[in-house]
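As recorded in Swiss-Prot:
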BINDING   Asp1277, Asn1279, Gln1280, Cys1282, Asp1285  Ca(2+) binding site
COMPBIAS  138-153  compositional bias 'Pro residues'
COMPBIAS  333-345  compositional bias 'Pro residues'
COMPBIAS  840-852  compositional bias 'Pro residues'
COMPBIAS  996-1006  compositional bias 'Pro residues'
COMPBIAS  1042-1057  compositional bias 'Pro residues'
COMPBIAS  1177-1192  compositional bias 'Pro residues'
DOMAIN    1229-1464  domain 'Fibrillar collagen NC1'
CARBOHYD  Lys265  O-linked glycosylation site
CARBOHYD  Lys1108  O-linked glycosylation site
MOD_RES   Pro196  4-hydroxyproline
MOD_RES   Pro334  4-hydroxyproline
MOD_RES   Pro403  4-hydroxyproline
MOD_RES   Pro451  4-hydroxyproline
MOD_RES   Pro475  4-hydroxyproline
MOD_RES   Lys505  5-hydroxylysine
MOD_RES   Pro604  4-hydroxyproline
MOD_RES   Pro658  4-hydroxyproline
MOD_RES   Pro898  4-hydroxyproline
MOD_RES   Pro964  4-hydroxyproline
MOD_RES   Pro1045  4-hydroxyproline
MOD_RES   Pro1120  4-hydroxyproline
REGION    162-178  region 'Nonhelical region (N-terminal)'
REGION    1193-1218  region 'Nonhelical region (C-terminal)'
SIGNAL    1-22  signal peptide
Amino acid sequence: MFSFVDLRLLLLLAATALLTHGQEEGQVEGQDEDIPPITCVQNGLRYHDRDVWKPEPCRICVCDNGKVLCDDVICDETKNCPGAEVPEGECCPVCPDGSESPTDQETTGVEGPKGDTGPRGPRGPAGPPGRDGIPGQPGLPGPPGPPGPPGPPGLGGNFAPQLSYGYDEKSTGGISVPGPMGPSGPRGLPGPPGAPGPQGFQGPPGEPGEPGASGPMGPRGPPGPPGKNGDDGEAGKPGRPGERGPPGPQGARGLPGTAGLPGMKGHRGFSGLDGAKGDAGPAGPKGEPGSPGENGAPGQMGPRGLPGERGRPGAPGPAGARGNDGATGAAGPPGPTGPAGPPGFPGAVGAKGEAGPQGPRGSEGPQGVRGEPGPPGPAGAAGPAGNPGADGQPGAKGANGAPGIAGAPGFPGARGPSGPQGPGGPPGPKGNSGEPGAPGSKGDTGAKGEPGPVGVQGPPGPAGEEGKRGARGEPGPTGLPGPPGERGGPGSRGFPGADGVAGPKGPAGERGSPGPAGPKGSPGEAGRPGEAGLPGAKGLTGSPGSPGPDGKTGPPGPAGQDGRPGPPGPPGARGQAGVMGFPGPKGAAGEPGKAGERGVPGPPGAVGPAGKDGEAGAQGPPGPAGPAGERGEQGPAGSPGFQGLPGPAGPPGEAGKPGEQGVPGDLGAPGPSGARGERGFPGERGVQGPPGPAGPRGANGAPGNDGAKGDAGAPGAPGSQGAPGLQGMPGERGAAGLPGPKGDRGDAGPKGADGSPGKDGVRGLTGPIGPPGPAGAPGDKGESGPSGPAGPTGARGAPGDRGEPGPPGPAGFAGPPGADGQPGAKGEPGDAGAKGDAGPPGPAGPAGPPGPIGNVGAPGAKGARGSAGPPGATGFPGAAGRVGPPGPSGNAGPPGPPGPAGKEGGKGPRGETGPAGRPGEVGPPGPPGPAGEKGSPGADGPAGAPGTPGPQGIAGQRGVVGLPGQRGERGFPGLPGPSGEPGKQGPSGASGERGPPGPMGPPGLAGPPGESGREGAPGAEGSPGRDGSPGAKGDRGETGPAGPPGAPGAPGAPGPVGPAGKSGDRGETGPAGPAGPVGPVGARGPAGPQGPRGDKGETGEQGDRGIKGHRGFSGLQGPPGPPGSPGEQGPSGASGPAGPRGPPGSAGAPGKDGLNGLPGPIGPPGPRGRTGDAGPVGPPGPPGPPGPPGPPSAGFDFSFLPQPPQEKAHDGGRYYRADDANVVRDRDLEVDTTLKSLSQQIENIRSPEGSRKNPARTCRDLKMCHSDWKSGEYWIDPNQGCNLDAIKVFCNMETGETCVYPTQPSVAQKNWYISKNPKDKRHVWFGESMTDGFQFEYGGQGSDPADVAIQLTFLRLMSTEASQNITYHCKNSVAYMDQQTGNLKKALLLQGSNEIEIRAEGNSRFTYSVTVDGCTSHTGAWGKTVIEYKTTKTSRLPIIDVAPLDVGAPDQEFGFDVGPVCFL
């Protein structure tokens, strides 16, 4: 029989052999790397190491290092659950609703063993709908819409010829409607030449015939009596010019001459003076950070901070000294039966048992996940007929129906293509010149243009500064539990030994039940930025870029050569609306259009009814590992595991307690003598020995040495037990005990100290997109960033929304039916139709043969959201997105005041992050930076102010004679001349195109006189002939009696107003006419443009203050963007008013030889030529002039023009006006009056008066034209155009400033604002955040704010400087300087009209000044502070809102006086 020691030795040897064998196997495995991972096979199925499965519902197996270990499932008792059910595929019954009687819930039994894995739960409900997806690409354009409804009926009117089928009193009273117009017939052949024209006017008498030949000389007769005086001889040749006479008296003032032709282009002027200093360039790039300033003076002691977070547990203290043993307690009651002891060591391997009987079939497992769809089944039998199918293709066109009633005349058709060129007709007689038409009224504003094309995606902007550090991350997953410790052998408790060396890592214990969630780890340091990702997919097309600025007007090009006659011009502007024509004939059917492009695939249809369950598919391969689940709750303790193999030697344990007294061993062999001991105590007295024999008495000797030691006596009886000895020294460390059974799981340890940051890990795959975080609190509004570089011109944007329909135009004349147009271009695909309702599922029909691919159906409506699918495989990492555009810079917080330097304290525990401090004040501006590179030249400055008028120049020479005036009115018909002979009938020539007039030929010879014809009817009016040569002098007629003066004729109907002539040169100023009567009020103008942006809404409640993030590193400055493409050429600006005349320049160098002079005046008419042959019939003339105007409506009335006094001035031009001066004299006066009135109007335009009817552009213009006028209120119209939107302003005539008043100059003085948190002082905008507050508007009472906004925009453009002041009335409210602190932290903020903030301190360009400061402390009395702001950036004024800071208490009141904004 083995002793206990031998048994232990044997077990140790066995464990060593097993370990060695395992290591050898491991080495062999390590050498053969191709051996697959450890798996197990059961029932033909292969499982991986550590896999757990249930071959039967009540049996559970695990693959452990290639062996299958199985165990029965032990079910918990189901108490208080009468209706417990065993789910399919499960072993243990469960309560159906999970409810137990409430009375039993309080009795808690002993915690049972760990239950099995529960069955897979039913599929959860569909999640809530996701957020809206990224907007899709714009859809293809829809098809053209259906034709609109017919427009309103056209105008009726005085177009009698077209409406001659109208009302007929003699008929039955109805209106006879003509039938539809037939189709146009084919073009006819050219007609024969027309009949000869009517008889021409009587020709002038022929020249006297040549004298006949002289007869023979007769004899001389007697002298006759003196004859009568002969007729006057013909005028002799003109004599030589006489000498120059003395100058005559000054003639009456002539009419202004017509404008001479424009002179040649002058020489290039000298360079102008340097322009005004340009605007400041944009702010330079941010300078390098300055060196840190010196420490400031110590601040006041801050308030006591909040208590910090609880610190981390400290390191364990040193072990205390061992306490004294306590007194022995009384014996306790007997304890409960202890748990079963640990399993024994593994027994020897038993013989293999016989196969057990087949187990019973397990209960049915739970329904599996729905399988993949099976392969398609064979075609079923033919089902019954399905529901009616969808509509078929449209049928063939039906026969024409009977013609309907003629519809209302249609709108004019689109203009057809030009027909073939017809043969030229014979030339018609020349028509009269039409009267000039009236100037058209100003057209309505055109409809808003289509939005521009979408811009091309701009290049990525420069990298923004690194953003603020993100919010604290979610807690990381809990780390894996450490390996279980080995169990030490029991011993008596020794003093703690020195720490042993850490032993090697033990094999992994069985998986423990999940522990409680560990504490939140502290965030690690930020990893290095990841490598740049692949480029992302192309983004959506960007929004359209704004149009670039207008380019400067280019120089005029040289004149081109005359071009060939151009093709026919495009259709002219739309004419006046005509009467509706008859309906045109129906056009021929157009060719079928091309097939449309294949439509886009429709969206998924509605979810159909669920199909039948498919057969179970084959087991799919294991899916990829899912993301780690959240940590489960702590499970119940599991049942004890199988006995493990002995572990390796553990580290030396602590010294055990002293063992009990052992049995005494056998006596050992005697050792060698020890060194001599110290003298012992005297032994007890020995027993008296027997007496020795008597020796002889010796002499007394010296005392001898001690004798040898006697033999030991017999052992005495054992003594009684002695008192316990002192505690011995600790024994040597015992050998390691065998590993104990697995201990219970320890409690979660305290949170460890933060580890040092790990090295950067390998770049991981891109994780799945997380759920969207909550919206952050709105940040403070940043200051406007500098304008970015202009992006390249964008591609054409999608067409904008259709504008609202304009008002229906007047109906046009009916156009002739156009010819059939070409087939239209292929239409764009139409909008997707709405999806129809899902029909009920029909019975399954037989599988038909595959039909041809049908047209793509219209996309259906978006289907309902499907239930969430199973997680897909992990995708490849998505490409990294492009760097986003830089965010707007936040407001720079002013640095806080530096605190006093404290003594170096010990490092305190980490406190919670405190709330962000208030922004400090802005520091003083730094020293000026180095000079920047020279900037590119600025845009041309505004034109300088015109110089003062120069001295009066020398009078110019008299202008050349003007071009001949317009053709005179038609004269009265002359008396019939003496009858001439009719000419011969000329042959009718072929009708040629009319050639250009040839040069005038020399006068022809006189023809023989013709016979007298009969008196012809007066012919049609010919064009007036040249003046005839003077006829032969007739006999003197007898003087007729003077006729009575004729009665004045009735005034003729006024002709239509002629077009505005080109403006003539400025006439000399006429005498001022009397003021005309006030004109009628004009019609209301069209609706103005959209009003200005409304007031901002009230500020929302203040959000919680976010935690201040770490400051990011400054990003490198991005490269400059590419230059923008040049903008389209802008429209020419309106011509400015003429400046005053400059001083005469110095005499220039002599010019080149001048061009030939103008042609001289027309010479006297030559002798009359002989009558020419009759010309061919002319082509038909152009349409005659319009008939006389209808009854007067709102006609053009010249009565508003001031009538000059009707002096009878000498009329120098009378000889050229007409043959009968008396008839025309009244007309001349009217023309002269109109001319004078026009010149007066032109004078008003060039030198406006500032009245409502004649507003100036700015007060500066008024001051320049009328320097002696006084300051006061005048009307100005900076945007020119119609004067109905002129505004009333105050003109300061000393300075030329234009001052616009606010519509409400004063704001009541009262308490406007009560703060919910009076200690939280911040600026509150009066118009934006205060109840009943408003933003300031300008323009005076009754003006339209939209008009004023436009006029102010123009006024800013024409000004270089603006200023305004505001008076703040206060009671207990600081406006600027705080008397208590001496600083400006409580000063008001102003908001300019470009929404920039104007402050009391900081950058000097954005600071205001104060002229009176009476609001520096809380005195309880009213005071005032006057604020003034002057700037060259005119877009910042006027001020539209004010934000005080020192308000909000019930006793704090304020009000404003808003001054005018003045532009210069």
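One-based numbering along the chain as shown.
Just so you know, glycine gets a Cβ as well, placed from its N, Cα and C.
Features recorded in Swiss-Prot, as mapped to the structure shown.
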{"residue": "Lys265", "record": "O-linked glycosylation site", "Cβ contacts under 8 Å, 6 or more apart": "none"}
{"residue": "Asp1277", "record": "Ca(2+) binding site", "Cβ contacts under 8 Å, 6 or more apart": "Pro1255, Ala1256, Arg1257, Asn1283, Asp1285, Ala1286, Ile1287, Gln1351"}
{"residue": "Asn1279", "record": "Ca(2+) binding site", "Cβ contacts under 8 Å, 6 or more apart": "Asp1285, Ile1350, Gln1351, Phe1354"}
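A Cβ within 8 Å of the Cβ centre of Asp1277, Asn1279, Gln1280, Cys1282, Asp1285, the residues given for Ca(2+), is found for these other residues of the same chain: Pro1255, Pro1278, Gly1281, Asn1283, Leu1284, Ala1286, Gln1351.
Across the binding-site residues listed here (Gln1280, Cys1282, Asp1285), the residue whose Cβ sits among the most other Cβ atoms within 10 Å is Asp1285.
DSSP assigns Asp1285 (Ca(2+) binding site) to a helical segment in the three-state reduction. In the predicted structure, the region 'Nonhelical region (N-terminal)' (162-178) carries a mean pLDDT of 37.
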